[in-house]
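Undergrad: Here it is: the structure, laid out below.
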Amino acid sequence: MIITVLVPGQVFLTEYAGPLIIYLLFYFRVPFIYGHKYDFITSQHSVVHLACICHSFHYIKRLLETLFVHRFSHGTMPLRNIFKNCMYYWGFAAWMAYYINHPLYTPPVFGEDQVKLAVAIFLFCQLGNFSIHIALRNLRPAGSKTRKIPFPTRNPFTWLFLLVSCPNYTYEVGSWIGFAIMTQCLPVALFSLVGFIQMTIWAKGKHRSYLKEFKDYPPLRSPIVPFIL
Ligand SMILES: NC(=O)c1ccc[n+]([C@@H]2O[C@H](COP(=O)([O-])OP(=O)(O)OC[C@H]3O[C@@H](n4cnc5c(N)ncnc54)[C@H](OP(=O)(O)O)[C@@H]3O)[C@@H](O)[C@H]2O)c1
Ligand SMILES: *[C@@H]1O[C@H](CO)[C@@H](O)[C@H](O)[C@H]1NC(C)=O
Ligand SMILES: *[C@@H]1O[C@H](CO)[C@@H](O)[C@H](O)[C@H]1NC(C)=O
């Protein structure tokens, strides 16, 4: 029996290119999604365009990080993972995109103020997440497989390391909450919730392995939500 394995970079590229493309198909309203009279007709709501920019930005960032920032230590990953993860990311992207780009979509109740707040949260968390990835990259010299305790650096976004083990996941959840506030769309809220549960499970695992690996691990840190989780 042949078990195909791929390197993590290939897995992530497949996982992240999918949502990017799928979302855009709905955004441009390609035929056979919403009915003929809407084919390639753009929405008149500005928040729909903004949401598309944010969604695309998120996945392009992830793709670029996979290519240029992360230093993976695991050689390979089973092909089975790709199916599971793609079902999850691609499925949710299609579901969210269907509703946000729907011709009958209604913009947020609190209008522009709500959208502005949401964009601020979204961008703040994207920057935070990126800062953490740079900090983790700098912990690992090129070509090596060592793992060290991450500490705050001069970049204020990394100061969250004082309180949590996985600030990258904290920021990740925050940016999806921002996206949910921006679009005020139920599938996005669900995606944020499921993501939060998954991130918490991973964060607890990573936190535990840090505690096991490092005797002098900072005791103040929680896995993902400061002082709580
Ligand atoms: N099953 C699980 O428990 C579990 C947990 C987390 C993630 N995942 C999988 O991973 C994917 C998402 O995880 P992710 O986005 O967090 O990416 P990731 O696979 O954890 O990759 C991030 C990169 O940063 C490196 N890194 C992390 N901590 C470091 C440290 N202290 N010092 C030096 N380098 C460090 C990682 O090294 P390493 O390669 O050495 O970790 C890895 O190369 C998911 O699709 C999921 O399938 C699974
Ligand atoms: C997120 O943070 C955890 C804990 O530091 C780390 O193990 C994981 O690899 C990070 N993910 C990425 C993509 O850097
Ligand atoms: C944040 O970090 C996680 C893991 O480190 C990554 O998978 C995710 O794409 C990032 N999220 C954002 C909002 O950039």
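Backbone N, Cα and C atoms are what each Cβ position is placed from, and that goes for glycine too.
Dumping what TrEMBL says about this protein:
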- 16-34: transmembrane segment (TRANSMEM)
- 76-229: domain '3-oxo-5-alpha-steroid 4-dehydrogenase C-terminal' (DOMAIN)
- 87-105: transmembrane segment (TRANSMEM)
- 117-136: transmembrane segment (TRANSMEM)
- 156-171: transmembrane segment (TRANSMEM)
- 177-202: transmembrane segment (TRANSMEM)
Undergrad: For the transmembrane segment (177-202), what are the same-chain contacts with Cβ under 8 Å, counting residues 6+ beyond its ends?
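TA: Distal contacts: 47, 50-51, 54-55, 58, 92, 95-96, 98-100, 105, 107-109, 114-115, 117-125, 166, 169, 223-225, 229.
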Undergrad: Hey, which of 16-34, 87-105, 156-171 has the most Cβ-Cβ pairs under 8 Å against the transmembrane segment (117-136)?
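TA: It is 156-171, which has the most Cβ pairs under 8 Å.
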Undergrad: Looking only at the domain '3-oxo-5-alpha-steroid 4-dehydrogenase C-terminal' (76-229), what is the model's average confidence as pLDDT?
TA: 96
